[in-house]
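In what follows, a single structure is set out as structure tokens and then discussed.
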Amino acid sequence: MTVIDEMGKASAKAQNLPAPITSASRMQTNRHVLYILMDHDVKGSGKGAVIGFLKVGYKKLFVLDRHGAHNEVEPLCVLDFYIHESLQRHGYGKELFQHMLQSERVEPHQLAVDRPSEKLLCFLRKHYNLKETISQVNNFVIFEGFFANQHAPVRKLLPKRPEEEIKPYSLTDREFLKEEVEPPWPFNQSHALTRSSSLGNSPVRGCLKPFLNEQELLRNLRLCPPHAGAHHLLNGEPGGPAAQRRRTSLGSATIPSQDPSDLPSLSKSGVHPPNGALCSSEEPPVATQPEPTDRTEDPGIRAVAESKPSRQGAHTDRLPPWLGSRCHDAPWAPWGKQQSWTVAGVFHDAQWIRYKQEYRNTRPW
Ligand SMILES: CC(=O)SCCNC(=O)CCNC(=O)[C@H](O)C(C)(C)COP(=O)(O)OP(=O)(O)OC[C@H]1O[C@@H](n2cnc3c(N)ncnc32)[C@H](O)[C@@H]1OP(=O)(O)O
């Protein structure tokens, strides 16, 4: 977990991001797959050294085709990609990327790339001849050929009615980096909660975090085979760039493709309240069984929906505090069980306050 956190920090630094978009805790709350390229032979450490990583994941997106029509798709997305500075431009990125393509059984032009850096665009152009992009209104970049031979069915959306607002389609992983807004007192008092971005993804709340232990997390990582060359570079030894590049370009160090069936699928995680609790109803929530609505529009929620064989069960299983019987024992209520407030002249109880605090500004639409 520490290694993942450190890699995430290094990647964020390399991309000038204000905060990492890859961390162990984020890996626990989504279904992304992390490919790690390692050098097992590095000297001075029995455990080897990480050369870089590549994070991918399926996301439901709305993308425009060449004719400007919206298409609902769920492609594999490149979410984060980083090779250690001392090892860049030595072919390791290509090896890692190639390994991912084989494991995931996708073609490069079928990928969507989340806000690619200049370096990554150059990389894709050089190695995969991905040059022509299809303009999008979100931060994902897709390339010519994306709509050809799609594995997943591409569903065309009905034309948008002119009076409708433009929705923030296809939020990227990087959305959460946007500045958070401090709520006024008393809504800022509950430290048990992780505040959500005013514009970002589904909020991740401490009390709703899944129960994925370290073992499970580690099973979700996919390690590439050892790379015997990198320790030269890491240790500043001879056998440097030229040799490395040659080795890579000649393909003398090949990565056996892993059979995806051998690979553990990511544990599903992240629990979100059911649909009714998220809508803008002014009614205080009631402790009833929520409708098993399809909420797969939200990637985080999709993960939950898919993780449970029965959606009904999913909701009852881990009801959020204000919908379940556990609500009165909730540790987040520092004021006790039965206290209440008068907000703008209206009498409200702690449950209501909690509800309003959690769901204010988390859904811009
Ligand atoms: C969705 C996202 O993840 S966006 C973020 C992408 N990550 C970053 O920008 C982090 C910093 N960059 C890196 O970590 C790496 O450069 C990567 C991951 C983009 C590529 O990994 P590398 O090991 O360098 O790639 P590899 O050696 O296989 O291929 C090299 C090619 O990548 C591109 N490239 C790599 N570094 C650079 C650079 N500094 N400037 C321009 N192009 C670059 C070039 O096309 C280069 O070919 P060239 O050397 O002939 O010009």
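Going from the start of the chain as shown, residues are counted 1 onward.
Even glycines carry a Cβ here, placed using N, Cα and C.
DSSP assigns H90 (acetyl-CoA binding site) to coil in the three-state reduction, outside any helix or strand. Annotation source TrEMBL lists acetyl-CoA binding site at 81-94, 117-126.
Here TrEMBL flags 256-269 as compositional bias 'Low complexity'.
The helix, strand and coil residue counts that DSSP assigns across the domain 'N-acetyltransferase' (1-147) are 48 helix, 42 strand, 57 coil. The domain 'N-acetyltransferase' annotation in TrEMBL covers 1-147.
Per TrEMBL, region 'Disordered' is recorded for 232-299.
Around the Cβ of Q15 (site 'Crucial for catalytic activity'), the same chain contributes Y82, S117, each under 8 angstroms and 6 or more positions distant in sequence. If you look up TrEMBL, you'll see Q15 marked as site 'Crucial for catalytic activity'.
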Give the subset of the binding-site residues F81, H84, G93 lying near ligand 1, defined as CB under 6 A from any of its atoms.
-> F81, G93
